[in-house]
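Peer 1: This is the structure I want to talk about, given as structure tokens.
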Amino acid sequence: MAWDLKVKMLGGNDFLVSVTNSMTVSELKKQIAQKIGVPAFQQRLAHQTAVLQDGLTLSSLGLGPSSTVMLVVQNCSEPLSILVRNERGHSNIYEVFLTQTVDTLKKKVSQREQVHEDQFWLSFEGRPMEDKELLGEYGLKPQCTVIKHLRLRGGGGDQCA
């Protein structure tokens, strides 16, 4: 059953988001991101005195049609130093902002390591990183390590014939 959840911001503004009992906090953050343009990773939601954890359902948190959640937007204006480990096991430090895309980081890596962007891909904690996603969506922390993987190059077609 769908119902409207009231989301209140620190400045006093509020808005409604259509939700269901089985929806998770992560899904709610994605809907809020679509509605107000603040990326999910920058959102902190609270109900009464508890910070809402991403994997939990709204019903398990006791939220219902008359509930209001508080939205706090985390500032991401400070750069973050991360490591990118290449295929030889060497790591380089990169200054990034969580609001930048993976593609932006790939451009930096490409320039420093002299490897074309289409010849490698990046992963963090075993998860492939998509070019158009924001770095903040991956939960990067200061001094964390992103892995650079070389793409396999194709052969010449009918050489075995």
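Here the Cβ of each residue, glycine as well, is placed from N, Cα and C on the backbone.
Under the heading domain 'Ubiquitin-like 1', Swiss-Prot lists 2-76, citing sequence analysis as support. Here Swiss-Prot flags 77-155 as domain 'Ubiquitin-like 2', drawing on sequence analysis. As annotated by Swiss-Prot, S-nitrosocysteine applies to C76, C144, with the evidence given as experimental evidence. Per Swiss-Prot, region 'Involved in the ligation of specific target proteins' is recorded for 151-155. Feature annotation from Swiss-Prot assigns motif 'LRLRGG' to 150-155. Per Swiss-Prot, site 'Interacts with activating enzyme' is recorded for R151, and the stated evidence type is similarity to another entry.
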Peer 1: Please name the residue among the recorded positions C76, C144, R151 whose C-beta has the most neighbouring C-beta atoms within 10 angstroms.
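Peer 2: That would be C76, with the most Cβ atoms nearby.
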Peer 1: Hey, which bits of the same chain come close to the region 'Involved in the ligation of specific target proteins' (151-155), Cβ under 8 Å, at least six residues off its ends?
Peer 2: 118-121
Peer 1: Can you grab the distance from R151 (site 'Interacts with activating enzyme') over to C144 (S-nitrosocysteine)? Cα atoms, rounded to a whole Å.
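Peer 2: Rounded to the nearest whole number, the Cα-Cα distance is 23 Å.
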Peer 1: Through the lens of DSSP with three states only, how would you label C144 (S-nitrosocysteine)?
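Peer 2: Looking at the DSSP assignment, C144 (S-nitrosocysteine) belongs to neither helix nor strand, so coil.
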